[in-house]
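Visitor: For 311-344, 345-378, 413-446, 452-485, 486-519, the entry in TrEMBL reads repeat 'TPR'.
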């Protein structure tokens, strides 16, 4: 057959693939390979079989050609077939022996000189070595060897920064600590045309940086005509309204405790793209924090209808029941989410929280420990284990787990608050003050109502140290954040009482009792303050009449 006819048939195969007519693509690719016996055409036939989900046949074709032993691209496609067949050990065997340098860094030998050029190759392809590293990481993760999986995902990102899936796995599955994420990003070599990608990746990993740092990165990405305005005006505003970037900003708001702001942003994004999974997860988390049970119900119903096999769908159902305080049903659906996807961190945390809400500490601990084992880069399991130990007054054990959480993520202010609470309970008030002040210093945004308990805790610690003026300042600061806290009014009243300022003490005891009329401490101390005030007002001369 003439070459121009064969080339025309190759074009037909490519067109069938682009139109998702895979049976047609398989038919014509088979004829082209039979006519030419060209390895490049055999590869095209295997690609068509793979896309048509004939994985066993595609693997057999590649394996029988023997080219799989010499060409990395053939070997990679054969390994992808074995991945789809869930034959993970064979997949690793097909990919060949891994390479590790002296620093225990994984790498894949470069194999750019393919024996048979890809006739469909693009101008800028993802490095095949990076794809091989990523696939090796997936195989190790499926075999529950997470240490090796982490090693190869890092190698994939280093081999080619455009291999986003590898970074996504590392970040979403919490495989790295904050420090390890920063170290990884510092080693990635971005070309001048991909400076924006470096900033974008930083936005994905900088979870608890100072507000000006994170906001600065978002502003840089949102700049009009970022990096290309002088040559391509059509690029202007592209990233400013990008859903991925705005979803990451919503996640940042959630981490800062600005749940209402987060919820408003995710609501806007979901109107634009209702099926954006990452935005949906953040939206569910914000709705749970804000107790928007109706929103959770609607989200859960839609997700279960559209994605019944996704862990996120059943996680949403669990969050709805958690929100309405039906913890038994909540646990059932969180458990179902973990069964569907054992590497879905929110489901494990929710499962533990549902047990903790009913003070079933042993089961909560079991869930948190599983999460700590599966997600070594996530500090939340260690933090929640510490909270459970603190609930049972095991303060030294609690402190150990809080310090472990701090080593994983040293910039989360909640960790420092819990360490301050531990120090307060064991009567180390100077240390408590230090931890609470460190908490406020680490808050990445301006103080909001969520941090009011920390300010009150700091005031309590100052009061214990008899530093009454500092205590009063912090109680009043707490009242600017929330005016509905009984403990704030009671603490402020008691501090004034200790200073013999009985009139101010009486005023704040009354305010506390207005919020909680049956508060025993405030009732007793109000009576005591009234007696003390009466004694002060009695004329000493009349006492001897």
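Using the three backbone atoms N, Cα and C, a Cβ is placed for every residue, glycine included.
Quantities reported herein were computed from a predicted structural model and do not represent experimental measurements.
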Visitor: Which residue counts does DSSP yield for the repeat 'TPR' (486-519) in the helix, strand and coil classes, in that order?
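Guide: Counting residues per DSSP class in the repeat 'TPR' (486-519), I get 27 helix, 0 strand, 7 coil.
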Visitor: May I have the DSSP-based helix, strand and coil counts for the residues of the repeat 'TPR' (452-485)?
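Guide: Breakdown, helix to coil: 27 helix, 0 strand, 7 coil.
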Visitor: Over the span of the repeat 'TPR' (345-378), how high is the average pLDDT in this prediction?
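Guide: When the pLDDT values over the repeat 'TPR' (345-378) are averaged, the result is 92.
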Visitor: Tally of helix, strand and coil residues over the repeat 'TPR' (413-446) according to DSSP?
Guide: 27 helix, 0 strand, 7 coil
